[in-house]
Amino acid sequence: MDHQQKPQGGNLTNLQEFVLLGFSDVPYLQWFLFGLLIVIYCFILLGNGTIVIITKVDSALQTPMYFFLGNFSFLEICYVSVTLPRMLFNLGTQRRTISFIACAAQMCCTLILGATECFLLAVMAYDRYVAICNPLHYPLLMNQRVCSQLVIGSWISGIPVQIGQTSQIFSLSFCHSNQINHFFCDIPPVLHLACGDIFVNEMMVFLGAVIFVLVPFLLIVFSYSKIISTVLKLPSATSQAKAFSTCSSHLAVVILFFGSAMITYFRSNTSHSGQTDKVLSLFYTIVTPMFNPMVYSLRNKDVTIALRKILCKQFTER
């Protein structure tokens, strides 16, 4: 990350609000985007909500793998609800202002939930590693208490650091403009408006990305390297295919989420562009939550069977 000195003049010392430019550069698509995002949001709520419900009520899904999946789907609902409703409000009313406090709160929640997602994806990879590489010890290593501790740890580990990082960013002075070239308050576009020397802030962002993005990603890579090595030693192609099928959905979500997040937070500040940042953030804030129920329902036989059982039960009761 390149050290960058921002100009000191024109500080907005009494800044009360920001303006989220969002999709204002395509005014002719505003209502189309509004309708599209409503459909996407409803799909995310319905799809992930269904997974949360069936992993709770179906007896066949009372395993660590589906316990983590249920928590992950609930997390996706929370994550998308931090940004998408505000985007819909801005598109529907054409009022793009957001208060200073609301912007800070949105950034903080996004960072906390993003860190939780990184840790939870790493936990899910560890679960698959234990299940495939140490199947005899799996019930002992992944008992209910351990699973609960891993989930709670994933949810709370990032809270103090991300609150501190958000406070540090919003304690800066902002120069010349209060217009954020983004559809939510993300770190790169907000830092772009800051005055003076932001080297320390850039280093803190980079360090946070290493801890909360790179480290979980490397743990996932390590887990899957062990999984692949173990699976390739299995005697039959059927056994190999079955083992890989339990990991493929998770791996698809990992690639989509970590790929876009790492490009966003590990690029140098000089290479950031508003349009690129917006496209990349769409992947880890909207596309991944939308993608999650599709890959787990279409590619996971157990989830598909559980869903059919619930639907058949509803129809027979009528």
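Cβ atoms are placed via backbone N, Cα and C, with glycine included.
What TrEMBL lists as domain 'G-protein coupled receptors family 1 profile' is 47-296. Look at TrEMBL and you will find 31-54, 66-88, 100-126, 203-222, 243-267, 279-298 tagged as transmembrane segment.
Model confidence over the domain 'G-protein coupled receptors family 1 profile' (47-296) is summarised by a mean pLDDT of 91. The transmembrane segment (279-298) makes no contact with the transmembrane segment (203-222), as judged by fewer than three Cβ pairs under 8 Å among residues 6 or more apart in sequence.
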